[in-house]
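Asker: This is the structure I want to talk about, given as structure tokens.
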Amino acid sequence: MCFLSNLIWLSSNLCSNDAAQPWQFGFQDGGSPSYEGIVELHDDIMFYLILILVGVAWMLMSTIRKFNWNHNQIVHKYLNHGTVLELIWTISPALVLIAIAFPSFKLLYLLDEVIDPVMTVKAIGNQWYWSYEYSDYLDQEGQSIEFDSYLVPESDLEIGDLRLLEVDNRVVVPVDTHIRFIVTARDVIHSFAVPSLGVKLDCIPGRLNQFSLVINREGVFYGQCSELCGVLHGFMPVVIEAVSLEQYLAWLSDQIPPYLTKEGYTPCIYLCITHLPSVC
Amino acid sequence: MALAPITGILRKRLIFDISAGLGLGLACSYAYWYGVHIPSVRKRDAFYAKLAQEKSQ
Ligand SMILES: [Cu+2]
């Protein structure tokens, strides 16, 4: 009943969390161009899917109805060969596959592209938490911003917190900024995934994987480790908090000690130069 | 009693079934496209248009 009412409510008023919610049907609302691309591809494929579903269901029903023994007692006459039919059921799936393959490859190569990112965040999977490094900013000793991000246990949750999704330290990143994420792992394979940003990438010990991300809007985006990594696999969520550039710079300057970029700028000036040349 | 001619029945049925099946399928596909996909895109675009407007203010 709950499922049904949710289904009706969701299909009439589609506005989802940036996290999975109980009885959710369909996708979360998107927050990045790659997510929009993925949903676009899904919808494209869904078009053909419905076409095939209805076409095949019709043929099946019609075959059951017209070719049963009661209805047609010389049915065996037709049961051996049909060149036209075979041609149709060979060529039309091929055409459908081609129609699906092209947008699919286009999206695949687009998602793979990391062009000229403004900042880099490194995410490292551990059993069973994530560590993050902002290696663009260094303090006087050459240390970059580093922190661990653990699940908030149920006993510490506050009202409004999402159970098994909230972490103590979120990844804070600015919106509308080209960010490069580099992911890896320290022990076993993990997978860095945030559905509403269209992100899922394996973190493999000894290897670096990368993806680029532009977040379209402010918000808190939740995800979970998506590669079975041990007993607490389900208890190492990812939380990305997208904030405005000003708030991001405030967050950066809250990280003590004071950090400079590799070029020796303060993060504020550096981001200004790279991100807002029109303002500087 | 004379039997009805039984030639060409399969072909006729086949053509009818294929065109009806694919026609209905195409109709459902377009119903999905214009009933679900396009409205969701429109909703999303409206959200971002509103966001851009709020930002520019
Ligand atoms: Cu894991």
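Glycine too: its Cβ is placed from the backbone N, Cα and C atoms.
According to TrEMBL, the protein has these features:
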DOMAIN    A:19-115  domain 'Cytochrome oxidase subunit II transmembrane region profile'
DOMAIN    A:116-254  domain 'Cytochrome oxidase subunit II copper A binding'
SIGNAL    A:1-19  signal peptide
TRANSMEM  A:45-64  transmembrane segment
TRANSMEM  A:84-105  transmembrane segment
Asker: Quick check on the domain 'Cytochrome oxidase subunit II copper A binding' (A:116-254): DSSP residue counts for helix, strand, coil, in that order please.
Answerer: 19 helix, 66 strand, 54 coil
Asker: Please work out the helix, strand and coil residue numbers for the domain 'Cytochrome oxidase subunit II transmembrane region profile' (A:19-115) from the DSSP assignment.
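Answerer: In the domain 'Cytochrome oxidase subunit II transmembrane region profile' (A:19-115), the DSSP-based counts are 68 helix, 0 strand, 29 coil.
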Asker: If you average per-residue pLDDT over the domain 'Cytochrome oxidase subunit II copper A binding' (A:116-254), what number do you get?
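Answerer: Result for the domain 'Cytochrome oxidase subunit II copper A binding' (A:116-254): average pLDDT 89.
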